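Remarks on the structure that follows.
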Amino acid sequence: MKLTCVLIVAVLILTACQFTAADDMEYPKWLRGLSTDXSERGCWLCLGPNACCRGSVCHDYCPR
């Protein structure tokens with residue numbers, strides 16, 4: 001059981017490191033569709049019609 005937890009944590013850490021490294025590169029096409037403002041980096045999971053990315057922070061409401 002402990003080994004399973006350690007392996008899961010290791011996979012999560014490696015995945016986070018890959019996303020951090022990929023943040024310096026251009027967004028893949030499938031990630032561009034998740035953010036309403038794909039020009040900002042660091043908001044790869046802004047979802048919903050009112051969500052947007054300003055200053056690399058995801059906001060629930062953005063004035064137009």
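Including glycine, each Cβ sits where the backbone N, Cα and C put it.
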Check your understanding: Can you check which of TRP30, TRP44 Swiss-Prot annotates as 6'-bromotryptophan?
Key -> TRP44
Practice item. Sort CYS58 (disulfide bond) into helix, strand or coil using the DSSP assignment. Key: strand
